[in-house]
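In what follows, a structure is listed as structure tokens, so that the remarks can point back to it.
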Amino acid sequence: MTAPPPPMSLLAELTHRCPLQCPYCSNPLALEPRARELETADWLRVLDEAAAMGVLQVHFSGGEPMARPDLPQLVAHAAKIGLYSNLITSGVLLNPTTLGQLAQAGLDHIQLSFQDAQADEGDRIAHMAGSHARKLEAARLIVAEGLPLTINFVIHRQNCARVPAMLALAEELGARRVEIAHTQYYGWGLMNRDALLPDRAQLEATEHAVAEARTRLAGRMTIDFVTPDYYADKPKPCMGGWGQRFLNVAPSGRVLPCHAAETIPNVAFPTVTEASLSDIWEKAPLFTMFRGTDWMPDPCRSCAFKEEDWGGCRCQALALAGRADVADPVCHQAHDHGLISQAIADRPQTPPPFRYRRYGGA
Ligand code: FES
């Protein structure tokens, strides 16, 4: 198939370093050490190439992107070349000085993560004492600076009872938008699935809380809600389709269609030090191998929804079924759907201890 239009957004994962150790971290199990991170000049070139190919937004992410001292320089460069910039941060390294530098550099928006609405639980989930208090302070500084704030809560069986309190906290802190996102189960989340997966009653309670708040807060705060796809009828169109809408540059410079794509076997991983972003987007086998529908086996090939869900998540198919080129097991028609029913049936009554995100795996 021909290459699709360029992606609207670039996710720039500047580093995997992070003071937090969340058990559902979206980073890969094998985290990149500082010595393998791209240098500032590489990132400046990546931003130039992204703008030249038509990308409109850059999301500076990690790990904790504020661990990179060159972040204000990268933000300033993004502003100079007309890229809208968003900082995805835990907030624990944010203070009046660092925030002032970023605002001065032209940062457009901040997405701040919280682990819970309750301080002791937030600190336990992040495995960092005092992190919740620092996040509260970060939110107040961001709003006082006049930067638009989105607050993100990742929810799971151990905190989802507090969704109403999370929404109230976001409102109190002055967020314009809040994201309530159930954990997705690959990488660290899959390793901790028994400790994180809610039951159906918990899921329904979160849906109810979000629906009630959407009515109450209409016109004041936007609420995004991400369901756990283990309880969905159809798979999610992960990344809007493989290699169709999303571009991720990892700390080492690998260019990926999604943040978990480094698990895909038997394919070369293109890097920004070897080819341009546009060449990689259009021609790299990693991007073309699951783009569109030509790669699909049945039941996806004959499914009426194949251009809506694009076969679901390739990384989830690989992690659960052992192959990336089969239907996502969350689909009711997938040959491997029994793996999902079994995971739900095997969910223990008492959650096991978290296996925290640490360098070098658990
Ligand atoms: Fe890689 Fe879904 S996370 S395709």
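Glycine too: its Cβ is placed from the backbone N, Cα and C atoms.
As the structure is a computational prediction, the values presented were derived from the model and not from experiment.
Features reported for this protein in TrEMBL:
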DOMAIN    4-220  domain 'Radical SAM core'
BINDING   C18, C22, C25  [4Fe-4S] cluster binding site
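Counting every protein chain shown, the Cβ of C22 ([4Fe-4S] cluster binding site) has 24 other Cβ atoms within 10 Å. Taking Cβ-Cβ distances under 8 Å and a sequence separation of 6 or more, the neighbours of C18 ([4Fe-4S] cluster binding site) in its chain are C25, N27, G62, G63, E64, A67, S90, R357. In the three-state DSSP scheme, C18 ([4Fe-4S] cluster binding site) is classed as coil. There are 23 other CB atoms within 10 A of the CB of C25 ([4Fe-4S] cluster binding site), with all protein chains counted. C25 ([4Fe-4S] cluster binding site) falls outside any helix or strand according to DSSP and counts as coil. Cβ atoms within 8 Å of the centroid of the Cβ atoms of C18, C22, C25 (the [4Fe-4S] cluster site) belong to the same-chain residues L20, Q21, Y24, S26, N27, G63, S90, A126, W188, R357, site residues excluded.
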